[in-house]
Amino acid sequence: RHGAGKAEDTSKTSPFHLDLWFYFTLQNWVLDFGRPIAMIILPLEWFPLNKPSAGDYFHMAYNVITPFLLLKLIERSPKTLPRSMVYVSIITFVMGASIHLVGDSVNHRLIFSGYQHHLSVRENPIIRNLKPETLIDSFELLYYYDEYLGHSMWYIPFFLILFIYFTGCFTPVAEQSRMPVAALLLMGPSSLYYWYLVTEGQIFILYIFTFFAMMALVMHQKRKGLVLDSNGLFLFYSFIIALLLIAAWVAWLWNDKILRKKYPGVIYIPEPWAFYTLHMNNLHAAKESF
């Protein structure tokens, strides 16, 4: 289906993939966004700290279901897509998400011991007093696997696959460049998830480069008389709305001095879970004291 020898056929188009986009958005919210929430809400005695948590099982399911849905999405593209690039991307995605599973599991379990995500590893009270001090290096290595290597190997192929699919979402028929009502309803949850993905994953540069590549491709194809079909519009508009949400999030927390300290530099995009441990967690503790 994805062989390189097959000629591109721009006369073909695909109907809106409501089933795939719905499953994709649902499992993103439940298995990705929902995994730390499930770990915090469910009773600790059900999942001892030395065993996998509910969030870990969510992550395992995500690592299987997401690449499957991405492959099904690629299969439905009317355009011939590079098979080798797709396969290598999926393999790298699974490896990166699996690395992240281990690091994220330990880091989130540390919350129950007082770890604060709005602080760096060495600034955390439960970490800086460890003896010998070489243990702190081990926790920084764990953080590196979780937040840097795992995220890079997870999100780079993820957005690459979405962009590869996007290249096949063009049609010469202007009437096909419109979204059904179901797509409009699904756009809100999809955009909000991309906001969470970019802010929590700290992948704004990757996201914005993917978005600019989409814009450049749209303008290039427009000169050839091609326009986005319903699936392409859904993906493109979801990225635009997510970008607006990111801008609103940054503007809201622009003057937060504590988060500013953790996220120095030109690009300041706080993580939602860092905001939670800094502000919401304190709020809950204050309510319990009354």
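Keep in mind that glycine also has a Cβ here, set from the backbone N, Cα and C atoms.
Under the heading transmembrane segment, TrEMBL lists 20-42 (among others). Residues of the same chain lying 6 or more positions beyond the ends of the transmembrane segment (20-42) and with a Cβ under 8 Å from any Cβ of it are 53-56, 58-59, 61-62, 65-66, 69, 72-73, 76, 108-109, 111, 183, 186, 189-190, 193, 196-197, 231, 234, 273.
Positions annotated as transmembrane segment by TrEMBL: 57-74 (among others).
The transmembrane segment annotation in TrEMBL covers 86-103 (among others). Within the chain, the transmembrane segment (86-103) has long-range Cβ neighbours (under 8 A, six or more residues past its boundaries) at 2, 56, 59-60, 62-63, 66-67, 70-71, 74, 142-143, 145-147, 149-158, 160-161, 164.
Under 8 Å from some Cβ of the transmembrane segment (154-174) lie the Cβ atoms of residues 10-14, 70, 73-74, 77-79, 81-82, 85-86, 88-90, 92-93, 96-97, 99-100, 197, 201, 203, 206-207, 210, 213-214, 217, 221, 225-229, 231-233, 235-236, all in the same chain and six or more residues away from its ends. Summarising the annotation, TrEMBL assigns transmembrane segment to 154-174 (among others).
According to TrEMBL, the feature transmembrane segment maps to 203-220 (among others).
Annotation source TrEMBL lists transmembrane segment at 232-254 (among others).
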Residues sitting near the transmembrane segment (232-254): Cβ under 8 Å, six or more positions beyond its termini, same chain?
16, 21, 162, 165-166, 169-170, 177-179, 183, 186-188, 190-192, 194-195, 198-199, 204, 207-208, 210-211, 214, 218, 268-270, 275
Would you mind listing the long-range same-chain contacts of the transmembrane segment (57-74), meaning Cβ under 8 Å and 6+ residues beyond its ends?
2, 17, 20, 23-24, 27-28, 30-32, 34-35, 38, 81, 86, 90, 93-94, 97-98, 100-101, 104-105, 158, 161, 164-165
